[in-house]
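According to TrEMBL, the features are:
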- 12-33: transmembrane segment (TRANSMEM)
- 176-195: transmembrane segment (TRANSMEM)
- 180-325: domain 'SSD' (DOMAIN)
- 200-220: transmembrane segment (TRANSMEM)
- 226-250: transmembrane segment (TRANSMEM)
- 271-291: transmembrane segment (TRANSMEM)
- 297-325: transmembrane segment (TRANSMEM)
- 359-378: transmembrane segment (TRANSMEM)
- 515-535: transmembrane segment (TRANSMEM)
- 542-564: transmembrane segment (TRANSMEM)
- 579-601: transmembrane segment (TRANSMEM)
- 628-647: transmembrane segment (TRANSMEM)
- 653-674: transmembrane segment (TRANSMEM)
Amino acid sequence: MEGIARVCQRARWFVVAGWVLAVVALSALSGTFGGETSDDYELPGSPSDRAVQILEDGGFSSDAGTRAQLVLHRDAGLDEEPVREQVASIVAEVTDRVPDASVVGPFAPEGAHQLSPDRTTGYVTVGLPTQDAEATAELQDDLDEVRDAYATDDLTVEVGGLGAEQEAEGGPPSEMIGVLAAIVILLFAFGSVFAMVLPILVGVIGAASGVALVSLGARAVDMPSFAAPVAAMIAIGVGIDYALLVVTRYREALSAGEHPSRAVVIAQTTAGRSVLFAGITVVVASLGLVLMDLKVITGVALGIAGSVLVTMLAAVTLLPAMLAITGRRIDRLSVHRRRSTSDGGQLARRWSRVVQRRPWPAAVAATAVLVLLTLPVLDLRLGFSDAGTRPTSDTGRRAYDLVAEGFGPGANGPLVVAAALEDGAGADDVDTLADALAATPGVAATTPPVFSDDGDVAFLQVIPTTGPQDEATTDLVHRLRDEVVPAGAGLEVEVGGATAAAVDFADYTAERLPLFLAVVLGVALVLLVAVFRGIAVAVKAVLVNLLSLGAAFGAVVAVFQWGWGVELLDLGASAPVEAWVPMMMIAIVFGLSMDYEVFLLSRVREEYDRTGDNATAVAEGLARTARVISAAAAIMVCVFGSFVLGSSRELQLFGFGLAFAVFIDATLVRLVLVPAVMELLGDRNWWLPGWLDRALPRLTIEASRGPRGDRR
């Protein structure tokens, strides 16, 4: 790291110019050659996928493409002739505006099922043969204009369906809100405009590069629509965080009387190494998601890994160059009197001593709170959000509610039962299956079977009595597959449809989560033992990180699944947790927690090597890192938490979970549980068997200084 720091100082202007050109080139390339996003949650070989294959073998469409609805409601009914004419005009205008779409109204022969039993609610289906993002956006605009043109006090018109996305809300993007909050926190922490600007630049460069890499990566792999904002969110957070650590070390060196060029080297060989270690940890944890073997997760994992890698490189190359250019001017343009770094340290030192005098009560109380916060995880349900989870101010949510009221909750997520007739089977066997399906508890209705031209394939829809997000619907899918479908003698039968596919995806991720968690824990444990040469301190770090993660999961379940506070936060309706979120949170939270863990334990180990006294080392380590960790955590909480203000429920959920995890980790864990446990362990924190010491590689993060040297 020292060599890199010196090279970046000598070629400071070339380094800055190179980064500027690289970011501009990446952005330009992504604008020209960037690919389209694809929210592909299909699981090859799953029951829902086999249902699609049966339908396609029979010549039926598997509903690929974009589908939307114009939902119509009139309290007095839709049958009156003037209303029928109005509905016909709506169909004609949509057909004229979107000539490539298939448009079917509720009064067409093939659309008879699109009129509710009481004939007060109906819908016009609009289907495009493509999922192209630009075509979908244009369809959304066209349908919004039709809605506005035909909606009256007497006739309600709303836009819904799979192809109708939530309308963009006004106001600044959530990323900008997070950056503005970070600016305020950095100004308060540093008291200098110059010192504030550098971390912001690193975060913004990381975010811009991450978004560009996601766009370019979409040419090679499936990138989900949320990959770019997630990559930007993580890059901004870790970029500002990493730069904050380095700038803080640089200013400490200057305050100690070091020359600016030497201060850069000191910052890079201490905090810079921590940044490198933490960044690589996040990258490795993110790439570990590829092992889940899910296309949609692989795409976002690569996006996060790429954005964090670029951000980390900026922190260890671009930042030293900018520090060399800034020099002692780092404290220019002060907004308040610069406080000594010991000001916050004295408070942290006194607090640490309070905890260390009563370690058992502190450890038990902190653990009890964390376990209590974790308890909701026992009720965790995985699934996917839909229009029913949006705020009622959204047209998609209102359309969803109209369909549920007019046709029943299950109409928003019908199941598709596909049957391939084997030798000797006939229409009577399909009718028998249909009767068995209709008689199943939890089934509101079934549609008549539809046969392929050759009669070898048939399908019918099953309308559940409950909505797509209801646990009873998930149970119904399993019951149909385990008990009803096997009774279809002479038939190869599969239960599919969007709702069943969501159940398959949730089941798949739930089965693999424990293994993924075990791999992440194992890798983290080995790295921490190798770095700090102590089994107890590494096990402690992994366990407290696990408690932080559990508390975050518990908060996510309580808010988004149970609905605690969703009205206050305007988060729409409660629903299962997005199936991809837990695995992403595991990877990111452990990566970020390692950042703070390494920064804190490096200082503790340094003091322990210098003094040989564990209690003093813990107190001094906490005192020297509390202020910067608190500032970094506050920035992370603001950046991640700002996504709760956005319009995407999956990003709201992900951002809230990460913000809560960082908050718990930087407060209850770092300020109470860690010093208490390390006090209880004493010198055993650093015990390592000789044979293991010799077997493990020696990874140096921050070189220990002091007369005691290395105690290993």
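Backbone N, Cα and C define each Cβ position, glycine as well.
Remember, TrEMBL labels are computer predictions, not curated facts.
The transmembrane segment (579-601) makes contact with the transmembrane segment (653-674), as judged by at least three Cβ pairs under 8 Å among residues 6 or more apart in sequence. Taking DSSP states H, G and I as helix and E and B as strand, the domain 'SSD' (180-325) has 129 helix, 1 strand, 16 coil. Of the Cβ pairs linking the transmembrane segment (359-378) with the transmembrane segment (653-674) and spaced 6 or more residues apart, 3 or more are under 8 Å, so the two regions touch.
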